[in-house]
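According to Swiss-Prot:
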BINDING   Gly109, Ser110, Ser111, Gly112, Lys113, Thr114, Thr115  ATP binding site
Amino acid sequence: MIKLSTVQLAQILQAKLIGDENVQVEKINTDTRKSVSNSLFFALKGEKFDAHQYLDQAVSQGALALVVQQENSSISVPQLVVKDTRIALGELAKWLREKINPRTVAMTGSSGKTTVKEMTASILQHTAADSEAVLFTNGNFNNDIGVPLTLLRLTEKHRFAVIELGANHQNEINYTTKLVQPNAALINNIAPAHLEGFGSLAGVVQAKGEIYRGLTKNGVAIINAEHNHLDIWQKEISNHAIQYFNGKDYSAKNIHHTSQGSTFTLISPQGEIEITLPYLGEHNVKNALAATALAMNVGATLTDVKAGLEQRSQVKGRLFPIQVTPNLLLLDDTYNANKDSLCAAIDVLKGYDAFRILCVGDMKELGENSLAIHREVGQYINLVNLDLVCSYGNESAVISEAVSGKHFTDKTEMVDFLVPLIENQLQQNKKVVVLGKGSRSMKMEDVIYSLKDKIKC
(Lines of atoms letter the chains of each structure in order from A and count residues from 1; the text may use other names and numbers.)
(Lines give C-alpha, C1' and ligand atoms only; values in the text may rest on other atoms or scores of the structure.)
Protein backbone atom coordinates (compact mmCIF):
# COMPACT_ATOMS: atom_id res chain seq x y z
CA MET A 1 0.00 0.00 0.00
CA ILE A 2 1.07 3.60 -0.38
CA LYS A 3 1.66 5.73 2.71
CA LEU A 4 -1.49 7.50 3.99
CA SER A 5 -2.16 9.68 7.02
CA THR A 6 -5.04 9.06 9.39
CA VAL A 7 -6.78 12.23 8.18
CA GLN A 8 -6.52 11.01 4.56
CA LEU A 9 -7.90 7.63 5.61
CA ALA A 10 -10.80 9.33 7.38
CA GLN A 11 -11.67 11.15 4.16
CA ILE A 12 -11.44 8.02 2.00
CA LEU A 13 -13.51 5.92 4.42
CA GLN A 14 -15.86 8.73 5.47
CA ALA A 15 -14.90 7.78 9.00
CA LYS A 16 -15.00 9.62 12.29
CA LEU A 17 -11.38 10.16 13.31
CA ILE A 18 -10.53 10.04 17.00
CA GLY A 19 -6.93 10.98 17.78
CA ASP A 20 -3.88 12.18 15.88
CA GLU A 21 -4.54 13.26 12.27
CA ASN A 22 -0.94 12.86 11.13
CA VAL A 23 -0.12 9.24 11.91
CA GLN A 24 1.26 7.63 8.73
CA VAL A 25 0.47 4.02 7.78
CA GLU A 26 1.37 1.91 4.75
CA LYS A 27 0.49 -1.58 5.94
CA ILE A 28 -2.89 -3.27 6.53
CA ASN A 29 -3.67 -6.03 9.00
CA THR A 30 -6.83 -7.87 10.02
CA ASP A 31 -5.40 -10.64 12.20
CA THR A 32 -3.45 -10.25 15.45
CA ARG A 33 -1.97 -13.71 14.91
CA LYS A 34 0.11 -12.15 12.14
CA SER A 35 2.49 -9.20 12.25
CA VAL A 36 0.53 -6.09 13.28
CA SER A 37 3.54 -3.82 13.87
CA ASN A 38 3.33 -0.39 12.16
CA SER A 39 0.02 -1.26 10.50
CA LEU A 40 -3.54 -0.03 10.20
CA PHE A 41 -5.62 -2.70 11.95
CA PHE A 42 -9.15 -3.40 10.67
CA ALA A 43 -11.35 -4.88 13.41
CA LEU A 44 -13.46 -7.15 11.22
CA LYS A 45 -16.67 -8.61 12.59
CA GLY A 46 -18.41 -11.77 11.41
CA GLU A 47 -20.96 -14.30 12.56
CA LYS A 48 -18.40 -16.28 14.57
CA PHE A 49 -15.71 -13.72 15.37
CA ASP A 50 -15.25 -10.10 16.39
CA ALA A 51 -11.78 -8.58 16.17
CA HIS A 52 -12.90 -5.73 18.44
CA GLN A 53 -12.08 -8.17 21.24
CA TYR A 54 -8.40 -7.93 20.28
CA LEU A 55 -7.90 -4.17 20.01
CA ASP A 56 -5.64 -3.98 23.06
CA GLN A 57 -3.58 -6.85 21.68
CA ALA A 58 -3.29 -5.13 18.29
CA VAL A 59 -2.06 -1.92 19.92
CA SER A 60 0.38 -3.76 22.17
CA GLN A 61 1.79 -5.50 19.08
CA GLY A 62 2.44 -2.16 17.39
CA ALA A 63 -0.67 -1.20 15.40
CA LEU A 64 -0.45 2.52 14.60
CA ALA A 65 -4.20 3.07 14.11
CA LEU A 66 -7.46 1.12 14.18
CA VAL A 67 -10.56 0.93 11.99
CA VAL A 68 -13.47 0.07 14.28
CA GLN A 69 -17.25 0.03 14.44
CA GLN A 70 -17.40 1.27 18.03
CA GLU A 71 -15.09 3.77 19.72
CA ASN A 72 -12.99 2.35 22.55
CA SER A 73 -12.10 5.03 25.10
CA SER A 74 -9.20 3.03 26.54
CA ILE A 75 -7.28 2.87 23.26
CA SER A 76 -4.29 5.21 22.90
CA VAL A 77 -3.80 5.13 19.11
CA PRO A 78 -6.03 6.88 16.53
CA GLN A 79 -9.36 5.23 15.77
CA LEU A 80 -11.33 5.50 12.53
CA VAL A 81 -14.95 4.74 13.36
CA VAL A 82 -17.04 3.37 10.48
CA LYS A 83 -20.41 1.68 10.17
CA ASP A 84 -19.01 -1.60 8.82
CA THR A 85 -15.31 -2.47 8.92
CA ARG A 86 -15.63 -5.11 6.18
CA ILE A 87 -17.14 -2.56 3.79
CA ALA A 88 -14.50 -0.02 4.82
CA LEU A 89 -11.77 -2.52 3.93
CA GLY A 90 -13.31 -2.87 0.48
CA GLU A 91 -13.67 0.90 0.03
CA LEU A 92 -10.01 1.47 0.80
CA ALA A 93 -9.04 -1.31 -1.62
CA LYS A 94 -11.21 0.19 -4.37
CA TRP A 95 -9.72 3.65 -3.77
CA LEU A 96 -6.17 2.29 -4.03
CA ARG A 97 -6.95 0.31 -7.20
CA GLU A 98 -8.24 3.54 -8.78
CA LYS A 99 -5.28 5.55 -7.48
CA ILE A 100 -2.58 3.19 -8.79
CA ASN A 101 -4.66 2.26 -11.87
CA PRO A 102 -2.78 -0.84 -13.06
CA ARG A 103 -4.02 -2.74 -16.10
CA THR A 104 -6.19 -5.29 -14.31
CA VAL A 105 -7.62 -8.69 -15.19
CA ALA A 106 -9.94 -10.91 -13.17
CA MET A 107 -10.92 -14.52 -13.50
CA THR A 108 -13.36 -16.93 -11.91
CA GLY A 109 -14.65 -20.40 -12.69
CA SER A 110 -15.51 -23.73 -11.15
CA SER A 111 -11.98 -25.05 -11.62
CA GLY A 112 -8.62 -23.99 -13.00
CA LYS A 113 -8.84 -20.34 -11.99
CA THR A 114 -5.72 -20.47 -9.85
CA THR A 115 -3.74 -22.06 -12.69
CA VAL A 116 -5.05 -19.41 -15.10
CA LYS A 117 -4.02 -16.74 -12.59
CA GLU A 118 -0.50 -18.17 -12.32
CA MET A 119 -0.13 -18.45 -16.11
CA THR A 120 -1.47 -14.93 -16.69
CA ALA A 121 0.85 -13.41 -14.10
CA SER A 122 3.82 -15.20 -15.66
CA ILE A 123 2.98 -13.81 -19.10
CA LEU A 124 2.55 -10.27 -17.80
CA GLN A 125 5.83 -10.43 -15.91
CA HIS A 126 7.44 -10.75 -19.34
CA THR A 127 5.28 -7.94 -20.71
CA ALA A 128 6.45 -5.68 -17.91
CA ALA A 129 10.02 -7.04 -18.09
CA ASP A 130 9.83 -6.95 -14.30
CA SER A 131 8.34 -9.60 -12.03
CA GLU A 132 7.83 -6.98 -9.31
CA ALA A 133 5.52 -4.96 -11.58
CA VAL A 134 2.75 -7.59 -11.49
CA LEU A 135 0.48 -7.97 -8.47
CA PHE A 136 -1.40 -11.26 -8.30
CA THR A 137 -3.56 -13.10 -5.80
CA ASN A 138 -1.65 -15.17 -3.26
CA GLY A 139 -3.06 -18.53 -2.18
CA ASN A 140 -6.82 -18.56 -1.73
CA PHE A 141 -7.24 -14.82 -1.08
CA ASN A 142 -10.17 -14.72 -3.48
CA ASN A 143 -13.20 -13.90 -1.30
CA ASP A 144 -14.75 -10.72 0.09
CA ILE A 145 -11.85 -10.29 2.52
CA GLY A 146 -9.02 -11.76 0.46
CA VAL A 147 -9.69 -9.68 -2.65
CA PRO A 148 -9.52 -6.32 -0.80
CA LEU A 149 -6.38 -7.46 1.03
CA THR A 150 -4.83 -8.37 -2.33
CA LEU A 151 -5.67 -4.97 -3.84
CA LEU A 152 -4.26 -3.27 -0.75
CA ARG A 153 -0.84 -4.70 -1.62
CA LEU A 154 -0.76 -2.38 -4.66
CA THR A 155 2.07 0.15 -4.81
CA GLU A 156 3.25 2.61 -7.44
CA LYS A 157 5.60 -0.02 -8.90
CA HIS A 158 2.68 -2.18 -10.09
CA ARG A 159 1.75 -1.95 -13.78
CA PHE A 160 -0.52 -5.01 -13.82
CA ALA A 161 -2.88 -6.75 -11.41
CA VAL A 162 -4.12 -10.34 -11.82
CA ILE A 163 -6.97 -11.03 -9.44
CA GLU A 164 -8.74 -14.32 -8.78
CA LEU A 165 -12.38 -14.15 -7.68
CA GLY A 166 -13.95 -17.09 -5.87
CA ALA A 167 -17.42 -17.59 -4.45
CA ASN A 168 -19.62 -20.10 -2.67
CA HIS A 169 -22.82 -18.04 -2.72
CA GLN A 170 -24.67 -15.48 -4.83
CA ASN A 171 -23.54 -11.82 -4.86
CA GLU A 172 -20.04 -12.54 -3.55
CA ILE A 173 -18.42 -11.91 -6.94
CA ASN A 174 -20.83 -9.03 -7.56
CA TYR A 175 -19.14 -7.33 -4.60
CA THR A 176 -15.51 -8.19 -5.33
CA THR A 177 -15.56 -7.46 -9.06
CA LYS A 178 -16.72 -3.90 -8.38
CA LEU A 179 -13.66 -3.41 -6.18
CA VAL A 180 -11.33 -4.90 -8.78
CA GLN A 181 -12.80 -3.08 -11.83
CA PRO A 182 -11.09 -5.36 -14.37
CA ASN A 183 -10.09 -4.28 -17.86
CA ALA A 184 -10.72 -7.87 -18.90
CA ALA A 185 -12.75 -10.52 -17.06
CA LEU A 186 -13.02 -14.23 -17.75
CA ILE A 187 -15.10 -17.21 -16.62
CA ASN A 188 -12.88 -20.25 -17.06
CA ASN A 189 -15.63 -22.87 -16.92
CA ILE A 190 -18.88 -23.87 -15.25
CA ALA A 191 -19.31 -27.10 -13.27
CA PRO A 192 -21.40 -28.44 -10.38
CA ALA A 193 -19.28 -27.02 -7.53
CA HIS A 194 -20.32 -25.35 -4.25
CA LEU A 195 -23.90 -26.43 -4.93
CA GLU A 196 -24.77 -26.08 -1.24
CA GLY A 197 -24.35 -22.32 -1.66
CA PHE A 198 -25.56 -21.93 -5.25
CA GLY A 199 -28.43 -24.40 -5.15
CA SER A 200 -28.06 -25.66 -8.72
CA LEU A 201 -25.87 -25.49 -11.81
CA ALA A 202 -28.03 -22.58 -12.99
CA GLY A 203 -27.13 -20.84 -9.74
CA VAL A 204 -23.43 -21.37 -10.49
CA VAL A 205 -23.88 -19.86 -13.97
CA GLN A 206 -25.62 -16.81 -12.55
CA ALA A 207 -23.09 -16.28 -9.75
CA LYS A 208 -20.02 -16.59 -11.98
CA GLY A 209 -21.58 -14.17 -14.47
CA GLU A 210 -21.47 -11.46 -11.83
CA ILE A 211 -17.79 -10.95 -12.67
CA TYR A 212 -18.71 -9.01 -15.80
CA ARG A 213 -20.60 -6.38 -13.79
CA GLY A 214 -17.32 -4.84 -12.62
CA LEU A 215 -15.76 -4.35 -16.07
CA THR A 216 -14.37 -0.90 -16.83
CA LYS A 217 -16.09 1.15 -19.52
CA ASN A 218 -13.98 -0.34 -22.33
CA GLY A 219 -13.46 -3.68 -20.59
CA VAL A 220 -13.60 -6.98 -22.46
CA ALA A 221 -15.71 -9.99 -21.44
CA ILE A 222 -13.95 -13.27 -22.20
CA ILE A 223 -16.05 -16.43 -22.46
CA ASN A 224 -15.13 -20.11 -22.76
CA ALA A 225 -16.83 -21.18 -26.00
CA GLU A 226 -17.33 -24.64 -24.47
CA HIS A 227 -19.18 -23.14 -21.48
CA ASN A 228 -21.12 -20.39 -23.21
CA HIS A 229 -24.08 -19.01 -21.26
CA LEU A 230 -24.26 -15.67 -23.04
CA ASP A 231 -28.06 -15.79 -22.93
CA ILE A 232 -27.83 -15.55 -19.13
CA TRP A 233 -24.79 -13.25 -18.99
CA GLN A 234 -25.99 -10.77 -21.61
CA LYS A 235 -27.32 -8.34 -19.00
CA GLU A 236 -24.00 -8.34 -17.13
CA ILE A 237 -21.96 -7.95 -20.31
CA SER A 238 -24.23 -5.24 -21.72
CA ASN A 239 -22.29 -3.13 -24.24
CA HIS A 240 -18.87 -4.68 -23.63
CA ALA A 241 -16.80 -6.35 -26.33
CA ILE A 242 -16.80 -10.16 -26.15
CA GLN A 243 -14.00 -12.57 -26.98
CA TYR A 244 -13.97 -16.37 -26.91
CA PHE A 245 -11.28 -18.86 -25.96
CA ASN A 246 -11.58 -22.49 -27.03
CA GLY A 247 -13.33 -20.80 -29.94
CA LYS A 248 -12.95 -18.23 -32.69
CA ASP A 249 -10.51 -15.85 -30.96
CA TYR A 250 -8.12 -18.10 -29.03
CA SER A 251 -7.67 -21.78 -29.83
CA ALA A 252 -5.09 -24.56 -30.10
CA LYS A 253 -4.20 -27.04 -32.84
CA ASN A 254 -1.58 -29.75 -33.31
CA ILE A 255 -1.90 -30.70 -29.64
CA HIS A 256 0.44 -33.42 -28.36
CA HIS A 257 0.60 -34.57 -24.74
CA THR A 258 3.73 -35.95 -23.08
CA SER A 259 4.68 -37.04 -19.59
CA GLN A 260 6.18 -33.58 -19.09
CA GLY A 261 3.32 -31.45 -20.44
CA SER A 262 1.95 -30.55 -23.86
CA THR A 263 2.98 -28.96 -27.13
CA PHE A 264 0.54 -27.10 -29.37
CA THR A 265 0.10 -24.29 -31.84
CA LEU A 266 -1.56 -21.30 -30.20
CA ILE A 267 -3.95 -19.35 -32.44
CA SER A 268 -4.75 -15.79 -31.36
CA PRO A 269 -5.80 -12.41 -32.82
CA GLN A 270 -2.07 -11.58 -32.97
CA GLY A 271 -1.20 -14.70 -34.96
CA GLU A 272 0.09 -18.20 -34.28
CA ILE A 273 3.02 -19.49 -32.22
CA GLU A 274 4.32 -22.87 -31.04
CA ILE A 275 4.04 -23.48 -27.29
CA THR A 276 5.72 -26.11 -25.11
CA LEU A 277 3.61 -26.11 -21.96
CA PRO A 278 5.05 -27.57 -18.72
CA TYR A 279 1.59 -28.47 -17.41
CA LEU A 280 -0.06 -31.87 -17.74
CA GLY A 281 -3.36 -32.50 -19.49
CA GLU A 282 -5.75 -31.20 -22.12
CA HIS A 283 -7.48 -28.98 -19.58
CA ASN A 284 -4.25 -27.07 -19.00
CA VAL A 285 -4.00 -26.29 -22.71
CA LYS A 286 -7.41 -24.68 -22.28
CA ASN A 287 -6.19 -22.86 -19.17
CA ALA A 288 -3.28 -21.54 -21.25
CA LEU A 289 -5.73 -20.19 -23.84
CA ALA A 290 -7.65 -18.43 -21.07
CA ALA A 291 -4.47 -16.86 -19.70
CA THR A 292 -3.46 -15.77 -23.19
CA ALA A 293 -6.80 -14.05 -23.73
CA LEU A 294 -6.55 -12.16 -20.45
CA ALA A 295 -2.94 -11.13 -20.91
CA MET A 296 -3.31 -10.02 -24.52
CA ASN A 297 -6.21 -7.77 -23.59
CA VAL A 298 -3.93 -5.74 -21.33
CA GLY A 299 -0.92 -5.54 -23.62
CA ALA A 300 0.88 -8.89 -23.86
CA THR A 301 2.45 -9.94 -27.16
CA LEU A 302 2.80 -13.41 -28.66
CA THR A 303 6.43 -13.43 -27.54
CA ASP A 304 5.37 -12.60 -23.97
CA VAL A 305 2.79 -15.39 -24.05
CA LYS A 306 5.30 -17.99 -25.22
CA ALA A 307 7.89 -16.94 -22.64
CA GLY A 308 5.37 -16.81 -19.80
CA LEU A 309 3.66 -20.11 -20.52
CA GLU A 310 6.86 -22.04 -21.15
CA GLN A 311 8.73 -20.81 -18.10
CA ARG A 312 5.98 -21.24 -15.53
CA SER A 313 6.72 -24.11 -13.17
CA GLN A 314 4.20 -26.59 -11.86
CA VAL A 315 2.29 -25.70 -8.69
CA LYS A 316 1.99 -28.17 -5.80
CA GLY A 317 -1.49 -29.61 -5.46
CA ARG A 318 -2.33 -28.99 -9.12
CA LEU A 319 -1.22 -32.06 -11.09
CA PHE A 320 2.21 -31.59 -9.57
CA PRO A 321 4.46 -34.45 -10.80
CA ILE A 322 6.72 -36.20 -8.29
CA GLN A 323 9.13 -38.61 -9.96
CA VAL A 324 10.03 -40.90 -7.04
CA THR A 325 11.96 -43.42 -9.15
CA PRO A 326 12.32 -43.85 -12.93
CA ASN A 327 9.31 -46.18 -12.81
CA LEU A 328 7.17 -44.45 -10.16
CA LEU A 329 5.37 -41.17 -10.79
CA LEU A 330 3.05 -39.56 -8.24
CA LEU A 331 0.61 -36.86 -9.39
CA ASP A 332 -0.38 -34.44 -6.63
CA ASP A 333 -3.70 -32.90 -7.75
CA THR A 334 -5.02 -32.64 -4.22
CA TYR A 335 -5.72 -28.92 -3.86
CA ASN A 336 -9.45 -29.31 -4.57
CA ALA A 337 -11.95 -31.25 -6.65
CA ASN A 338 -15.25 -31.11 -8.46
CA LYS A 339 -16.59 -33.48 -11.08
CA ASP A 340 -15.06 -31.71 -14.09
CA SER A 341 -11.61 -31.25 -12.55
CA LEU A 342 -11.58 -34.85 -11.31
CA CYS A 343 -12.51 -36.21 -14.73
CA ALA A 344 -9.86 -33.98 -16.33
CA ALA A 345 -7.23 -35.41 -13.97
CA ILE A 346 -8.45 -38.95 -14.73
CA ASP A 347 -7.98 -38.17 -18.43
CA VAL A 348 -4.34 -37.34 -17.70
CA LEU A 349 -3.88 -40.56 -15.70
CA LYS A 350 -5.42 -42.75 -18.40
CA GLY A 351 -2.85 -41.48 -20.92
CA TYR A 352 0.08 -43.15 -19.16
CA ASP A 353 1.38 -46.54 -20.29
CA ALA A 354 1.68 -47.83 -16.73
CA PHE A 355 -0.17 -49.42 -13.84
CA ARG A 356 -2.56 -46.55 -13.09
CA ILE A 357 -3.89 -45.96 -9.57
CA LEU A 358 -6.42 -43.33 -8.54
CA CYS A 359 -6.58 -42.32 -4.86
CA VAL A 360 -9.74 -40.26 -4.59
CA GLY A 361 -11.38 -38.45 -1.70
CA ASP A 362 -14.84 -36.96 -1.38
CA MET A 363 -15.92 -33.96 -3.45
CA LYS A 364 -17.50 -31.57 -0.97
CA GLU A 365 -20.25 -28.91 -1.12
CA LEU A 366 -22.33 -30.73 -3.74
CA GLY A 367 -25.57 -30.60 -1.75
CA GLU A 368 -28.34 -33.10 -2.33
CA ASN A 369 -26.82 -34.19 -5.66
CA SER A 370 -23.56 -35.30 -4.08
CA LEU A 371 -23.99 -39.07 -4.24
CA ALA A 372 -25.31 -38.91 -7.79
CA ILE A 373 -22.32 -36.85 -8.92
CA HIS A 374 -19.89 -39.26 -7.23
CA ARG A 375 -21.63 -42.14 -9.04
CA GLU A 376 -21.22 -40.31 -12.35
CA VAL A 377 -17.48 -40.16 -11.73
CA GLY A 378 -17.48 -43.90 -11.08
CA GLN A 379 -19.29 -44.46 -14.37
CA TYR A 380 -16.71 -42.33 -16.15
CA ILE A 381 -13.83 -44.31 -14.63
CA ASN A 382 -15.44 -47.49 -15.95
CA LEU A 383 -15.13 -46.07 -19.44
CA VAL A 384 -11.40 -45.32 -19.13
CA ASN A 385 -10.52 -48.60 -17.38
CA LEU A 386 -7.99 -47.66 -14.69
CA ASP A 387 -6.05 -50.45 -12.99
CA LEU A 388 -6.98 -49.61 -9.39
CA VAL A 389 -9.22 -47.10 -7.62
CA CYS A 390 -8.89 -46.45 -3.88
CA SER A 391 -11.38 -44.11 -2.24
CA TYR A 392 -11.49 -42.34 1.11
CA GLY A 393 -14.39 -40.55 2.78
CA ASN A 394 -18.10 -41.03 3.17
CA GLU A 395 -19.43 -40.36 -0.32
CA SER A 396 -16.52 -41.49 -2.49
CA ALA A 397 -17.37 -45.06 -1.48
CA VAL A 398 -19.87 -45.11 -4.36
CA ILE A 399 -16.97 -44.49 -6.76
CA SER A 400 -15.18 -47.62 -5.55
CA GLU A 401 -18.43 -49.56 -5.70
CA ALA A 402 -18.93 -48.57 -9.33
CA VAL A 403 -15.47 -49.75 -10.40
CA SER A 404 -14.84 -52.66 -8.00
CA GLY A 405 -12.22 -50.63 -6.21
CA LYS A 406 -11.23 -50.50 -2.56
CA HIS A 407 -12.71 -48.07 -0.06
CA PHE A 408 -10.95 -46.91 3.09
CA THR A 409 -12.09 -44.99 6.15
CA ASP A 410 -8.50 -44.23 7.13
CA LYS A 411 -5.79 -42.77 4.88
CA THR A 412 -3.03 -44.60 6.74
CA GLU A 413 -4.73 -47.89 5.93
CA MET A 414 -4.88 -46.86 2.27
CA VAL A 415 -1.16 -46.14 2.26
CA ASP A 416 -0.36 -49.42 4.04
CA PHE A 417 -2.38 -51.27 1.39
CA LEU A 418 -0.75 -49.47 -1.53
CA VAL A 419 2.92 -49.59 -0.52
CA PRO A 420 3.48 -53.37 -0.97
CA LEU A 421 1.25 -53.43 -4.05
CA ILE A 422 3.27 -50.66 -5.74
CA GLU A 423 6.60 -52.15 -4.64
CA ASN A 424 5.56 -55.46 -6.19
CA GLN A 425 4.85 -53.75 -9.52
CA LEU A 426 8.20 -51.95 -9.40
CA GLN A 427 10.09 -55.15 -8.58
CA GLN A 428 8.66 -56.56 -11.82
CA ASN A 429 10.13 -53.51 -13.61
CA LYS A 430 6.66 -52.16 -14.34
CA LYS A 431 5.84 -48.46 -14.40
CA VAL A 432 3.33 -47.11 -11.87
CA VAL A 433 1.49 -43.78 -11.86
CA VAL A 434 -0.56 -42.73 -8.82
CA LEU A 435 -2.99 -39.79 -8.94
CA GLY A 436 -4.24 -38.18 -5.72
CA LYS A 437 -7.39 -36.06 -5.92
CA GLY A 438 -10.12 -34.81 -3.57
CA SER A 439 -11.63 -31.73 -2.01
CA ARG A 440 -9.33 -29.57 0.11
CA SER A 441 -10.76 -30.83 3.40
CA MET A 442 -9.91 -34.43 2.48
CA LYS A 443 -6.14 -33.66 2.42
CA MET A 444 -5.36 -36.41 -0.05
CA GLU A 445 -1.79 -35.11 -0.24
CA ASP A 446 -1.29 -37.10 2.96
CA VAL A 447 -1.54 -40.24 0.83
CA ILE A 448 0.71 -38.99 -1.97
CA TYR A 449 3.55 -37.80 0.24
CA SER A 450 3.32 -40.84 2.53
CA LEU A 451 3.78 -43.04 -0.54
CA LYS A 452 6.75 -40.91 -1.57
CA ASP A 453 8.37 -41.43 1.84
CA LYS A 454 7.55 -45.11 2.35
CA ILE A 455 8.14 -46.78 -1.01
CA LYS A 456 11.68 -48.16 -1.06
CA CYS A 457 12.05 -49.63 -4.55
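Each Cβ is built from the backbone N, Cα and C atoms, and glycine gets one as well.
Because the structure is a prediction, the values reported are computed rather than measured.
Using a 10 Å Cβ-Cβ cutoff, Ser110 (ATP binding site) registers 23 neighbours. The Cβ of Ser111 (ATP binding site) has Asn188, Asn189, Ala191, Ala193, Asn336, Asn338, Asp340, Ser341, Ala344 as same-chain neighbours under 8 Å, each 6 or more residues away in sequence. Of the listed binding-site residues, namely Thr114, Thr115, the sparsest Cβ surroundings within 10 Å are found at Thr114. Of all the binding-site residues listed (Gly109, Gly112), Gly109 sits in the most crowded Cβ setting, with the most other Cβ atoms within 10 Å.
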